[in-house]
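A short write-up of the structure that comes next.
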Amino acid sequence: MNILSAIIVFENLHEVKRLFHWGPIIALTVIGVCSSMAILDSIIWYWPLDTTGGSINFIMLINWTVLILYNYFNAMFVGPGYIPLEWKPEKQQDIMYLQFCRLCQGYKAPRSHHCRKCNRCVMKMDHHCPWINNCCGHLNHAYFTSFLLLAPLGCIHAALIFIMTMYTQLYDRISFGWSSVKIDMSAARHIHHPIMPFSIAAFAATLFALGLALGTTIAVGMLFFIQMKVILRNRTSIEAWIEEKAKDRIQYYQTGEDFIFPYDLGSRWENFKQVFTWSGAPMGDGIEWPVHEKCDQYTLTIEQLKQKHDKRQRSVEYRVVEEYNGACCPLGKGLNTFFRTPCTEEPRIKLTKGETIFATRGTKWWMYGDKVLNEEQAKAGVRIRGWFPRRCVEKCLYDSANNSTSEEKKEQ
């Protein structure tokens with residue numbers, strides 16, 4: 001009922017537009033091709049419905065399709081859960097432990113992060129997935145992971161059907177010569193008489209579906225193991241990055257701090273139960289979380305504030321000396337810039353001569369930073385940050401002592 005309520009409720013009708021994106025279109029096409037070809041191959045050529053095994057096989061194929069689509073659409077339409085706009089903690093004094101989101105005009109609750117694609121602060125955000133055209137987060141993590149498990153299992157079943165269909169239909173039709181292999185599609189089969197002949201077109205379609213099924217099994221199966229690692233450690237991909245930076249910060253400044261990740265409850269089973277429950281809904285409200293006994297609700301958010309302050313201290317001021325149109329791979333900026341573009345979904349930003357940028361990290365050919373905006377844009381909560389070619393900027397000579405440490409010294 002979750003998916004039906006998400007679609008039927010008037011306020012959420014706009015969610016249907018998530019289907020009109022290359023990710024869901026490709027995903028649903030692959031599901032449709034593999035499912036339909038497996039069913040057709042079974043009924044027509046391999047395992048007819050007038051046998052017990054054929055009937056059981058047909059029911060299993062239908063069940064795989066239903067379960068895969070159920071979890072896929074729930075992951076898409078139920079969504080990750082969003083922090084309410086202009087949200088504030090119940091206790092006013094807790095504001096000092098939280099980051100403020102200028103776009104949502106509210107504070108970021110623990111474990112939440114702002115998604116550029118969804119344009120909202122997402123509860124326990126792991127990542128924005130293009131295949132569901134939505135974020136993977138608190139409310140849909142179980143659905144998303146179940147989909148990642150069921151899709152490879154269904155594809156393995158379908159792949160076996162494809163292989164056995166081609167084997168049984170081609171076994172008596174293949175002849176091997178010294179230098180060639182011949183397939184006589186007009187030769188009769190001796191096992192059972194199919195509803196229609198297994199033609200070259202049917203062979204090509206089955207072979208194509210087999211490739212899709214095997215590719216999906218490998219690709220989606222790898223994603224499943226990544227998500228299970230996230231769940232069993234109760235640590236999202238973003239939080240793993242924050243923890244890594246925390247250790248680097250402590251080591252770099254020799255602060256002697258002992259950072260403990262707050263959301264790992266010490267038991268894989270306890271971590272697992274935070275996402276998968278008998279009711280189907282995850283534990284918690286997406287705002288407050290069970291934490292390690294030596295931590296509190298704001299242990300991670302305080303660390304994030306420290307890292308944010310550290311990033312500001314290490315930022316370096318640059319002035320734009322060359323125009324840049326924001327292209328992903330700008331050939332006009334040199335071959336090294338073209339071929340060594342950052343492999344990330346983070347945006348590129350347009351540059352105009354005379355603009356000022358505070359760079360926080362970079363590579364040999366690219367830099368990442370925040371553009372200095374005018375007062376009106378700043379009040380409106382506008383923030384422009386992203387990657388740009390290093391050759392388009394030059395370091396300001398009057399850079400302050402606090403900002404003089406270049407990013408080349410320590411890249412993130």
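Residue positions begin at 1 at the first shown residue.
Each residue, glycine too, has its Cβ placed from N, Cα and C.
Here Swiss-Prot flags C129 as active site, S-palmitoyl cysteine intermediate, drawing on sequence analysis. When other Cβ atoms within 10 Å of the Cβ of C129 (active site, S-palmitoyl cysteine intermediate) are tallied across all protein chains shown, the result is 19. Mapped onto three states, the DSSP output places C129 (active site, S-palmitoyl cysteine intermediate) in strand.
Per Swiss-Prot, domain 'DHHC' is recorded for 99-149. This prediction places the mean pLDDT of the domain 'DHHC' (99-149) at 95.
Swiss-Prot lists 313-398 with the feature domain 'SH3', giving sequence analysis as the kind of evidence.
Cβ neighbour count for C328 (S-palmitoyl cysteine) (all protein chains, 10 Å cutoff from its Cβ): 10. Annotation source Swiss-Prot lists S-palmitoyl cysteine at C328 (among others), citing similarity to another entry.
Note: C329 (S-palmitoyl cysteine) has non-local neighbours F338, F339, T341, i.e. same-chain residues 6+ apart with C-beta under 8 A of its own C-beta. The S-palmitoyl cysteine annotation in Swiss-Prot covers C329 (among others) and is backed by similarity to another entry.
What Swiss-Prot lists as S-palmitoyl cysteine is C343 (among others). Counting Cβ atoms from all protein chains shown, C343 (S-palmitoyl cysteine) has 5 others lying within 10 Å of its own Cβ.
As annotated by Swiss-Prot, motif 'Di-lysine motif' applies to 409-412, with the evidence given as similarity to another entry.
If you look up Swiss-Prot, you'll see 1-24 (among others) marked as topological domain 'Cytoplasmic'.
As annotated by Swiss-Prot, topological domain 'Lumenal' applies to 46-57 (among others).
Per Swiss-Prot, the feature topological domain 'Cytoplasmic' maps to 79-143 (among others); the stated evidence is a curator's inference.
Sequence annotations record features per position, and here Swiss-Prot assigns topological domain 'Lumenal' to 165-205 (among others) based on a curator's inference.
Look at Swiss-Prot and you will find 227-412 (among others) tagged as topological domain 'Cytoplasmic'.
Residues annotated as transmembrane segment in Swiss-Prot, with sequence analysis given as evidence: 25-45 (among others).
Residues or ranges marked as transmembrane segment in Swiss-Prot: 58-78 (among others).
Annotation source Swiss-Prot lists transmembrane segment at 144-164 (among others), citing sequence analysis.
Feature annotation from Swiss-Prot assigns transmembrane segment to 206-226 (among others); the stated evidence is sequence analysis.
Outside the transmembrane segment (58-78) by six or more residues, the chain places 2-3, 6-7, 12, 15, 18-19, 24, 27-28, 31, 35, 38-39, 42-43, 47, 49, 132-134, 136, 139-140, 143-144, 146-147, 150-151, 153-154, 157-158, 161 with a CB less than 8 A from a CB of the stretch.
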